[in-house]
Structures are given as C-alpha cells and as structure tokens.
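As annotated by Swiss-Prot, site 'Important for acyl-CoA specificity' applies to E111. Residues or ranges marked as active site, acyl-thioester intermediate by Swiss-Prot on the basis of sequence analysis: C142. Under the heading substrate binding site, Swiss-Prot lists K163, S192, R249. Look at Swiss-Prot and you will find S192 tagged as site 'Important for substrate specificity'. Marked as active site, proton acceptor by Swiss-Prot on the basis of sequence analysis: H235. Under the heading active site, Swiss-Prot lists E237, citing sequence analysis as support.
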Amino acid sequence: MPITLDKKLPAVDILKSENIFVMDDKRAIHQDIRPMSILILNLMPTKVATETQLLRLLANTPLQLSVDFLYMTSHHSKTTQAEHMKTFYKTFKDIKDNYYDGLIITGAPVETMPFEKVDYWEELCQVFQWSKTHVYSTLHLCWGAQAGLYYRYSVDKVQMTDKLSGIYLQKVNEQLSPLMRGFDDCFLSPHSRYTEVLLKDINNKTNLEILASGEKVGLSILASRDMREVYSFGHLEYDRETLDNEYKRDLKAGKSPKIPENYYQDDDVTTHPIMRWNLAAATFFSNWINYAVYQETPYRLEELEKDISFYGYL
C-alpha cells in the first residue's frame, strides 16, 4: 500500500521516479480502511533529503500510511525555505490534540551541545511528554535517541575522542525481538556522530532491551519490551550519498574530517560510495511499522490515554 502525501511535496516526484507508489488524499479516501497515522518530527537541516529518505523506507510496507511532518517553532531554520515549512509542516499547537500510531524523531546536528542549550529543548520536551498519551510507538534516531533517553531516564550522552563516521558492523543481540525479525546475525549500518550512550548507564537506569550493538559503534538499537520506545543510534535511513555529502561539507568548512570508514572503495573519495545497508534499513523500518505499530496500536487511538495491553512477541 502507498503513503498518502500532499502531491506538491518535493519528495513525491523523487519517490515516483524510483517507482514507489504514493497517492494524495482524494484517492486515499476511497479506500475503506483506517491508514496508520505517522508523525515525523524532522530536526535535520536537510529537510527535503530527510523527508525523502524516511518516506522511501516507510513506503516499503503493505500498509497504507498517512504522514504528517512536525517542526519546532522555537527554532528558525537557516537552510530550509520558510514557504516549504509553512506548506508541508505542522506546529505542535496544530497537532497536540491528535493521536498517532507512530512517531519518528530524527537526529539533529546539535549533539556537542548540552541538551538544555538547544534552542528548542523545552518544546521538544513537550513533544516527549505528549507522546506518552498520544502516540503508540516512538522511533528515535541518532541525536533524537540520545535526547529521548535523557528526557525519560536522565541518561546523558558522552563525548567520543573522534567522530564516528562510516559504515559499521553490528550484531543482533535479541533474535526474538520482532524489530530484528528477518535480520542476519550481523548487519551493516551508517553512523555519524560525536557522542555515545554508555552500556552501564542503560543497564543502571533503564529496563530497555539491547537489540543490536557493535565493537566499534557500541550500542546500536534499544527498545522497551512493548516496543513503544525504540532508539536507534545509527542512520539506517541514510541514502548512498549522505555520508559523502557530510564529509565534503565538513571539508569545505575547514574541519579536516576523517574519511568515512568502510564507505568508499579503497578509501578513494572520488569513487562512488558502496551501498551495503539497504536491506537492513528496509527490514528494520518494515518491522517497526508492522510489529511495533500495526500489530499493537489500538483501533481507536483515543484509547492511548488509557493503559494499553501488549499482545507480546509470539
């Protein structure tokens, strides 16, 4: 089934050119089913690229999805046209009375700052609190994962000696988790970050399950047993060129970045980056939509205000 989107959204033409089926509201209304309602809080400066990456993966499911985009009014974007935000994004005030089956909170290039120093931190905390009673499952990505852990469990991020940038091997630790269903024992994923969350803090302060981890990346994917909270420190949503674009951006800014590891053929930055995480990305996002959202969310989303039964893995 397709994603229902505003046909004027720039990502629509890109997805159609890749033979991904999307449709507008007029066509969707004729399908007599309740679509899964997904909210994406896009904190990345590359708004259109991130929209396209996430929608590409969400479209890889047999379910009809209805997607809203959210932005923080306390932050003024320097890289995205105001007209784009006004046309395709909603504010927290617009959606605070709505209910959603799933929420995705993206990463953001603010990880070296203390959380409280981020200009939209208070507004983001409102979203975290609201999501407990208005969203069934929240998928936190990279800095979004670190922010969610800090808000919910007071687990702080720790500065790394060097930036972690490249494609890294991770091991599946919980084979029985629905989120890891269909994965090989090990998988590759992009990572791009200066900070990490420590295993001892997760063990001491939370009851989260460690679904995947790696020797170089440390913790990779965490989740609560009922999958209402999912945390991914990598960037499975990244497309082929994203790390290349980040490397060249930092090079141009005079930051002397290291070449992303395990990314270019023979570490030659003039070569076409090798795509090796597409299957893992498609599997993970499909599992989240199917098992964490569709199989568990109540038909009447208003019931999220109450205690929700968890049907379990098997």
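Cβ atoms are placed via backbone N, Cα and C, with glycine included.
Location within the structure of each feature annotated in Swiss-Prot.
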residue	record	DSSP (3 states)
E111	site 'Important for acyl-CoA specificity'	coil
C142	active site, acyl-thioester intermediate	coil
K163	substrate binding site	strand
S192	substrate binding site	strand
H235	active site, proton acceptor	coil
R249	substrate binding site	helix
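Cβ neighbour count within 10 Å across all protein chains ranks H235 highest among the recorded positions K163, H235, R249. Excluding the listed site residues K163, S192, R249, the same chain places S165, L243, E246, Y247, D250, P257, P260 with Cβ atoms within 8 Å of the centre of the substrate site Cβ atoms. Least crowded of the recorded positions (E111, E237), judged by neighbouring Cβ atoms within 10 Å of its own Cβ: E111. Calculated from their C-alpha atoms, the gap between E111 (site 'Important for acyl-CoA specificity') and R249 (substrate binding site) amounts to 17 Å.
Other Cβ atoms within 10 Å of the Cβ of the residue listed as 'active site, acyl-thioester intermediate' number 27 in total over all chains. In this structure the C-alpha atoms belonging to E237 (active site) and R249 (substrate binding site) are separated by 19 Å. A gap of 7 Å separates the Cα atoms of C142 (active site, acyl-thioester intermediate) and the residue listed as 'active site, proton acceptor'. The two recorded residues, R249 (substrate binding site) and the residue listed as 'active site, proton acceptor', have Cα atoms 18 Å apart.
Put simply, S192 (substrate binding site) is 7 Å from H235 (active site, proton acceptor) when counted between their Cα atoms. Looking at the residues that bind substrate per the record, K163, S192, R249, the two CA atoms farthest apart are separated by 15 Å.
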